[in-house]
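Annotated features in Swiss-Prot:
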BINDING   Gly49, Pro50, Pro51, Gly52, Val53, Gly54, Lys55, Thr56  ATP binding site
Amino acid sequence: MEDSTIKEEIWIEKYRPVRLDQVAGQEETIERLKSYVATKNLPHLLFSGPPGVGKTASAVSIAREIFGEDLWRENFTELNASDERGIDVVRTKIKNFAKTAPMGGAEFKIIFLDEADALTSDAQSALRRTMERFSNNCRFILSCNYSSRIIEPIQSRCAVFRFRRLSDEAIRKRLEYIAKDQVLSITEDGYEALVYVSQGDMRKAVNSLQAAAFVEPNKSISRGTIYRTTATANPEDIRNLIETALRGNFRVARKELNRLLYEEGLSGEDIVGQIYRAISEMDNRMILDLGLSEKRIVELVDIIGEIDFRLTEGATEKIQLEALLAHFALSNPD
């Protein structure tokens with residue numbers, strides 16, 4: 001593969017779905033949306049779910065299929081509420097687009113408001129009034145990570161669709177397609193690493209693959225490259241760190257922690273996040289091997305949450321992470 005190809009193209013744009021059928025891992029939701037497209041009878045929509053699961057791609061695909069390739073750009077606009085959280089974005093940008101007539105004989109236009117849960121309560125109230133005022137010639141598609149942060153009057157005016165986190169199989173299938181198209185060689189552990197770092201986020205998976213391909217343009221992409229380019233610890237190292245600390249070997253665990261912090265260059269928050277993930281994903285064999293009771297697991301999760309909070313408040317990474325390992329070691333019944 002040519003190195004210039006990696007530099008010139010942004011893969012999340014190149015491989016973004018352009019039709020609803022191409023949106024991965026949301027089969028039930030997509031089938032319901034396709035029924036709206038088929039009749040061109042579209043209500044206001046609210047898409048809820050984690051990042052990188054197809055919410056934006058679905059909104060754009062709806063516009064493409066309803067208006068056609070020639071007219072969808074004229075009848076569709078996308079705004080990101082996290083950039084402008086206040087009421088002005090509703091009063092100006094949204095109203096200016098909503099009050100103009102649809103182009104090309106279309107019955108309505110579509111306004112896609114991404115990260116709508118970032119809008120303040122006042123801005124959401126203004127948005128609700130705007131939705132009512134322009135309902136004859138405008139349809140709103142709102143996207144959010146947390147539907148609980150959308151005021152009830154807006155939710156009641158929308159058909160709500162919940163996008164789930166993508167399965168490992170859906171992520172891998174898309175990565176295999178891209179690898180074939182880009183003529184990439186990816187090892188089995190490379191695919192496993194991409195699935196691990198993505199955590200069900202297709203956008204993150206594709207970006208991680210492109211970053212690794214840029215670093216190793218003419219080599220087989222393995223898990224080492226993936227973890228290095230995404231600033232992620234090898235999950236095996238995290239499991240070993242946890243196991244060492246839980247067995248009471250604090251000094252050995254601290255040495256491994258220092259390696260992750262200073263040699264691997266990982267952040268404290270990333271390490272805590274991976275420790276939490278490893279604890280959550282422990283299988284029964286490891287739980288039995290370490291002698292972990294249900295009560296002890298609850299205590300571990302509780303202290304992980306406390307350390308994570310302290311780090312977000314600006315506490316010293318090394319001290320907090322060592323305190324976490326110390327808590328693990330002290331919980332050893334031996």
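Here, residue 1 is simply the first one shown, and the rest follow in order.
From the backbone N, Cα and C atoms, a Cβ is placed for every residue, glycine too.
Source: prediction; values computed, not measured.
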Report the same-chain neighbours of Gly52 (ATP binding site): residues 6+ apart in sequence with Cβ closer than 8 Å to its Cβ, ordered by sequence. Leu166, Ser198, Gly200, Asp201, Met202, Arg203, Lys204, Ala205
Same chain only, sequence gap of 6 or more: which residues have a CB within under 8 Å of the CB of Lys55 (ATP binding site)? Phe47, Gly49, Asp114, Ser143, Phe163
Other residues, Cβ within 8 Å of Gly49, Pro50, Pro51, Gly52, Val53, Gly54, Lys55, Thr56 Cβ centroid (ATP site): Phe47, Ser143, Phe163, Asp201, Met202, Arg203
Could you tell me which three-state DSSP class Gly52 (ATP binding site) falls into? coil
For a quick check of packing: other C-beta atoms within 10 Å of the C-beta of Gly49 (ATP binding site), how many? 22
Position of peak Cβ density within 10 Å, selected from the binding-site residues Pro50, Pro51, Gly54: Gly54
